[in-house]
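A.B. asks: Here it is, the structure in full.
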Amino acid sequence: MTNKYLVEGSENELTTKTAAELAGLIHSREVTSREVTQAHLDRIAAVDGDIHAFLHVGQEEALNAADDVDKRLDAGEAPASALAGVPLALKDVFTTTDAPTTAASKMLEGYMSPYDATVTRKIREAGIPILGKTNMDEFAMGSSTENSAYGPTHNPWDLERTAGGSGGGSSAALAAGQAPLAIGTDTGGSIRQPAALTNTVGVKPTYGTVSRYGLIACASSLDQGGPTARTVLDTALLHEVIAGHDAFDATSVNRPVAPVVQAAREGANGDLKGVKVGVVKQFDRDGYQPGVLEAFHASVEQMRSQGAEIVEVDCPHFDDALGAYYLILPCEVSSNLARFDGMRYGLRAGDDGTRSADEVMAYTRAQGFGPEVKRRIILGTYALSVGYYDAYYLQAQRVRTLIAQDFAKAYEQVDILVSPTTPTTAFKLGEKVTDPLEMYNFDLCTLPLNLAGLAGMSLPSGLASDTGLPVGLQLMAPAFQDDRLYRVGAAFEAGRK
């Protein structure tokens with residue numbers, strides 16, 4: 001199977017080039033940022049009726065930003081960043097002053113933020129035009145974008161299948177040539193999982209290294225913004241733009257940004273000699289789709305052929321990660337989403353003079369939240385209630401500690417861990433929507449990393465022999481060693497060419 005949207009469907013070659021290539025053309029003045037940005041806007045107009053990657057397209061704002069870059073470059077100024085002039089798609093969970101921020105929920109339909117998220121600000125300061133805001137599961141809760149209040153995103157590899165979630169819109173935009181760069185968020189796999197399903201690269205940075213200021217919270221101890229693109233180098237270049245300490249975010253870590261771009265360039269020689277790669281036993285077993293395991297084993301053998309030493313690693317508490325995650329996350333959701341009450345911003349429903357303030361709040365939340373968001377609020381409220389807090393929430397936090405300890409012990413033996421990113425390739429839209437447990441299981445391989453706050457990457461590892469659909473290889477690195485992902489990821493990418 002091929003992705004016709006990149007292989008056959010792009011009439012303008014600018015929409016198939018990498019971000020690094022586009023930056024080189026723009027900075028040498030062979031093309032203008034306006035030309036590149038307009039090509040991608042035209043691409044969105046041509047194919048987004050099929051894909052539904054975008055919830056909002058800001059044509060005027062994007063072209064104005066591109067013109068500003070061109071003006072500065074024509075005046076002889078140095079580029080504001082290595083990606084200046086290259087347009088980007090932004091997940092609709094980061095606040096923007098010039099476009100609606102909805103988190104794909106009716107609760108925030110049409111909401112205009114009075115401030116930019118720190119990630120948004122850094123993108124603007126880097127001279128990167130924002131094409132628009134991408135589709136997602138409502139408040140980042142879901143694995144398929146089917147929880148979006150505005151309809152699901154379709155996978156460019158097969159329009160009947162999911163592009164993943166929660167950030168399926170960002171990854172689908174990359175895979176369809178609608179954007180060369182995109183930003184997502186990862187709470188339990190929402191960057192890495194869509195990347196795997198769409199044959200793109202997605203990175204969850206170490207928790208605290210990318211600011212969460214202006215990121216609409218799902219679960220504050222798990223959420224992390226991150227970069228996604230079509231190559232490892234492009235992803236590294238974007239990572240460098242958005243990372244760094246932010247005084248507006250109390251969870252932001254004040255330490256130097258890992259040398260991710262340097263690592264990606266060094267890894268491009270394809271040499272993995274001296275690298276110890278750990279294969280997580282818990283993620284390499286029966287029950288996964290045969291084509292996924294076949295591609296994963298081939299990837300491990302490729303790394304061995306590139307000089308890596310392969311070691312099997314046992315992380316016994318990973319088996320308990322799913323249960324712990326789906327207790328901790330709803331508890332944080334029930335607290336974070338209490339702010340959406342219809343009183344200060346967003347939707348207000350039923351305020352017709354016949355209801356009390358409490359009744360208006362209850363009615364607003366009933367009308368504004370979708371079924372999955374309501375499910376998680378109820379579950380979290382229950383788990384935090386008197387008599388259940390110790391039995392559920394505290395137990396889940398203890399498991400979280402054990403998972404972090406499993407990772408720590410593993411990194412005493414190896415430099416990096418690997419697993420399939422997802423247990424199967426992209427499933428058909430509607431296939432799991434009535435079975436929450438089946439949907440939750442799809443994040444089995446990605447969520448342990450969020451519980452431990454570590455760094456992870458998904459990158460293409462071929463097509464499954466049984467479905468012909470993309471398979472992702474997940475790399476997992478210790479905290480603040482994000483550069484390891486890029487060094488190993490770039491080497492693996494080079495070995496596949």
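Glycine is no exception: its Cβ is also placed from the backbone N, Cα and C atoms.
For reference, Swiss-Prot lists these features for the protein:
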ACT_SITE  Lys91  active site, charge relay system
REGION    143-171  region 'Disordered'
ACT_SITE  Ser166  active site, charge relay system
ACT_SITE  Ser190  active site, acyl-ester intermediate
A.B. asks: Work out the three-state DSSP category of Lys91 (active site, charge relay system).
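C.D. replies: DSSP call for Lys91 (active site, charge relay system): strand.
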A.B. asks: Across all chains shown, how many C-beta atoms besides its own are within 10 angstroms of the C-beta of Lys91 (active site, charge relay system)?
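C.D. replies: I count 32 other Cβ atoms within 10 Å of it.
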A.B. asks: What does DSSP assign Ser166 (active site, charge relay system), in three states?
C.D. replies: coil
A.B. asks: Please work out the number of neighbouring Cβ atoms within 10 Å of the Cβ of Ser190 (active site, acyl-ester intermediate), leaving out its own Cβ.
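C.D. replies: Other Cβ atoms within 10 Å of Ser190 (active site, acyl-ester intermediate): 36.
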A.B. asks: Please count the residues of the region 'Disordered' (143-171) that DSSP assigns to helix (H, G, I), strand (E, B) and coil.
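C.D. replies: Helix/strand/coil tally for the region 'Disordered' (143-171): 4 helix, 7 strand, 18 coil.
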A.B. asks: Measure from the CA atom of Lys91 (active site, charge relay system) to the CA atom of the residue listed as 'active site, acyl-ester intermediate' and give the result in Å, rounded to a whole number.
C.D. replies: 11
A.B. asks: Between the Cα atoms of Ser166 (active site, charge relay system) and Lys91 (active site, charge relay system), find the distance and write it as a whole number of Å.
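C.D. replies: With distance taken Cα to Cα, Lys91 (active site, charge relay system) is 10 Å from Ser166 (active site, charge relay system).
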